[in-house]
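Features as listed in TrEMBL:
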type	residues	note
DOMAIN	29-133	domain 'Thiamine pyrophosphate enzyme N-terminal TPP-binding'
DOMAIN	225-343	domain 'Thiamine pyrophosphate enzyme central'
DOMAIN	435-560	domain 'Thiamine pyrophosphate enzyme TPP-binding'
BINDING	ASP466, ASN493, GLY495	Mg(2+) binding site
Amino acid sequence: MDAANQLGSTAHPSSKPAVVHASAFTGTLGCHLARRLVEIGVSDVFSVPGDFNLTLLDHLIAEPGLNLIGCCNELNAGYAADGYARSRGVGACVVTFTVGGLSVINAIAGAYSENLPVICIVGGPNSNDYGTNRILHHTIGLPDFSQELRCFQTVTCIQAVVNNLDDAHEQIDTAISTALKESKPAYISISCNLPGIPHPTFIREPVPFLLAPKVSNQLGLEAAVEATAEFLNKAVKPVIVGGPKLRVAKAQKAFVELADASGYPVAVMPAGKGLVPEHHPHFIGTYWGAVSTCFCGEIVESSDAYVFVGPIFNDYSSVGYSLLVKKEKAIIVQPNRVTIGNGPSFGCIFMADFLSALAKKLKKNSTAMENYRRIFVPPGVPLKCENNEPLRVNVLFKHIQQLLSGETAVIAETGDSWFNCQKLRLPENCGYEFQMQYGSIGWSVGATLGYAQAARNKRVIACIGDGSFQVTAQDVSTMICSGQRSIIFLINNGGYTIEVEIHDGPYNVIKNWDYTGFVNAIHNGEGKCWTAKVHTEDELTEAIATATGEQKDSLCFIEVLVHMDDTSKELLEWGSRVSSANCRPPNPQ
């Protein structure tokens, strides 16, 4: 069971105690923090050293259960903690004061948007400098040390500035437990002179704290289930659509219970891909409005009742606000609230409790599933490539599909990879991650580093565009240094293709790199790394055979050269609708 599921249960990880290293315990703040991180499921911390965090890093290195991974920059360290949290349930990064904190903050904001508990630890000023009129380096030149704190207040669920040992124990424990309970990032600043000083509050090993279980209001739960069952049992062809908040609610198992019991077709919103089992016999694909999987959109939008479980309706997921769903037909199940059509709303009800209870009350109804099977036609196979014909993107993804198994995970970068990866059919236990709500280009490089470090039993397959790669390319170095064996498909089409389809301009064309040459230079003969540059399907087939054969234990970087206008039909449709939404004129005042 991953850390997130343990922490969401009544028993927390205390039901499976961490290994105790009593002889190594020195009764210091630094040692306490290190043990806490191990206890909650963190065994790798992503860091960038700076003078304010060096002593703290010494204590993290001294903890036998922790592995410190140095990243090339703070942004990637934050992205790596994000990717790590997606696999392990929690992640952590350590940076230095302000110059590091303000660099990592974009990644922390992305983790906040995706409901990921990332513990962001900052080495802060010496405790003696607080309350003085001194000006410190790494600040903007004012005797005010709160700038970084104020920036983090809007992208973390809790902030702790630890500059006094007397309450350090309480502040650290409160920050970590709050991040786990709320499934959001936490900010902890620790004065640089405190990690190594013994204090009575740290005199013994940390006692595992217990996260109080979330318990639904029983009367509200019964009322919500009764009203929902009545609504759905009257419907002729209801459907279920899973959304991205299934993760934060830890309700995937209950979702499957509902799908099994109801007989309804099961679709997934784009940002929920990977959270719903695609091998389920009732799975019909991705519901994404006009760019839905073939025949999925028609079944959902023609339904007379749809259950949206954990949805996020934004301009991207709604394809420029163009979904053809009606509120009066919808049941919206959020992590702690259920709303039925235009009617009642029930609070203090937790998603997993609700789905499990509802599964016991529904009449089986397979009408919509039968309709889907009647109209379904298997997707077309890409046209066969002629000899030496330039490689097409749809052919590339045909081969990526064949790579997938329960021992792989897919990381999809913002861009056309969103749409091409969305069409991949995920085998049982195949991981899948992308960042749709925040959509920060470059996220996938750090996320691949973090996810691969957390899930050593899976081979990560990352699909990254050339424009995104240029933002965060350096930490391929850290992947090699960490002995990772991911396969990175670098799709080189000469620019920011997703931006082109929203609004074109000369700013969307980028300087072309020799990407394989760049990675070879980073490799520099140290560690296991293999690269290839492919132009045709034959070259791609040969590269994949090498990556999965003789180079299966290496980081494999395959640069795929394709035409700049070779995009998915879904991106063309989605881009025009999002562009239309962006260009709406001001409402009359």
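Every residue, even glycine, has its Cβ placed from backbone N, Cα and C.
All TrEMBL annotations are machine predictions without curation.
Sequence-distant contacts of ASN493 (Mg(2+) binding site), defined by Cβ-Cβ distance under 8 angstroms and a gap of at least six in the same chain, are GLY465, ASP466, VAL562, HIS563, MET564, ASP566.
Across the domain 'Thiamine pyrophosphate enzyme N-terminal TPP-binding' (29-133), the DSSP tally of helix, strand and coil residues reads 51 helix, 21 strand, 33 coil.
Each residue in the domain 'Thiamine pyrophosphate enzyme TPP-binding' (435-560) has a pLDDT score, and their mean in this model is 92.
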